[in-house]
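Before any comments, here is the structure.
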Amino acid sequence: MPSSEDYRQFLEVFYPFFLITSLISQLFVIYFILNYTPKQLQTLRYILVNTCVFQVIHVSACYLMQFRQVSNLVPMEVWSYGYGRHFEAFVGYSLYHVVQTSTVASGISVVMTLFLKYEAARNVKLTSWKRYLIITCILLPLVTSVTLEIILIITQSLPNEIRERYKLINVDVKDHSVVGTLNFKVLASQVNVCIMSSSVVMLPIIGLSSRRKLLEHIQKTSDRVSQTKNSQNKMFVKGVILQTFLPLCFYCPISSIYFYCIVTHEEILFQQYFMFLIPAFPALFDPYITLYFITPYRNRVKIWLRMNKVSPKSVTLINVNCNY
């Protein structure tokens, strides 16, 4: 079995590689979103950029702090091996919650994209109050989680006696610092863990349900729109559904090991070092799903790769008229 030192040596190389490749991917797709999104889809453009921003925050915080969740200790401790280990403990503890929030926020942005696409596909303008109600329900888990995390930061890391205790613990920081502990006897922690876990599981369920309804609607209206438009709509839906499954695929396996460690207090180094890194992997794959499954972006990539030979006039038409 790899030792703690083996994991550290690997992650010293992997963290910079992951940061650079993820940021390049995110900046690349943001360029496409800002420059090649049709004008009639500006709201979706903001949602897509929002998703990218949260994923950039997630990856950057992971690299800066390089957390290790020492699950076999009671109470459970969170250590930092990154440059952030030199910060005061409450800063690291706050960034720990930022990482968790970013995971939920980027997933909720995908759900918002699905809702806007569903609304556009039905071609029915919802009343303002009904639209606000749906958006509020979508955002409620995120707002609740952020509120609970603010409470935890204020109560678990900001009191002077706690700050002084961690200053003494980290007075001679070398390879890592202790940024905080996780106390699951605190109600706010319990509720927040439930929100985080249930949100990741619910995203694919919502996605599959929306997929079924969207494809049914596309099928019903297939005789009123072109075959090309139908294909574009189906392709977009497939891409968004795939994006809803990414957090589940990367979050659930490592979280299952995490909950096992909470119950048994067993030391599993892989879980401790990768608990925050693996859920950040969608930030690397998400941009390429967006580029492939959204028609205007895919067409532009093909033009750059000389897979599509079109005149300048045709390029303009693609940017203006292509839909998701």
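Every residue, even glycine, has its Cβ placed from backbone N, Cα and C.
Record features (Swiss-Prot):
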- 13-33: transmembrane segment (TRANSMEM)
- 47-67: transmembrane segment (TRANSMEM)
- 95-115: transmembrane segment (TRANSMEM)
- 134-154: transmembrane segment (TRANSMEM)
- 186-206: transmembrane segment (TRANSMEM)
- 239-259: transmembrane segment (TRANSMEM)
- 274-294: transmembrane segment (TRANSMEM)
Close approaches to the transmembrane segment (239-259) from elsewhere in its chain (Cβ under 8 angstroms; 6 or more beyond its ends)
69, 71, 103, 106-107, 110-111, 113-114, 117, 197, 200-201, 203-204, 206-208, 210-211, 268, 270-271, 274-275, 278-279, 281-282, 285-286, 289-290, 292-294
Seg_contact(the transmembrane segment (13-33), the transmembrane segment (274-294)) with at least 3 CB pairs under 8 angstroms, min sep 6
yes
Outside the transmembrane segment (134-154), six or more residues from its ends: residues with CB under 8 Å to it
90, 93-94, 97, 100-101, 104-105, 108, 111-112, 115, 126, 186, 188-189, 191-192, 195-196, 198-199
So what's near the transmembrane segment (186-206) in sequence-distant terms, Cβ-Cβ under 8 Å and 6+ beyond its ends?
100, 103-104, 107-108, 110-111, 114, 141, 144-145, 148-149, 151-152, 155-156, 241, 244-245, 247-248, 251-252, 255
Tertiary contacts of the transmembrane segment (274-294) (same chain, 6+ residues out, Cβ under 8 Å)
11, 15, 18, 21-22, 25-26, 28-29, 32-33, 48, 51-52, 55-56, 58-59, 62, 65, 67-69, 71, 99, 103, 106, 235-236, 238-240, 242-243, 246-247, 250-251, 253-254, 258, 301, 324
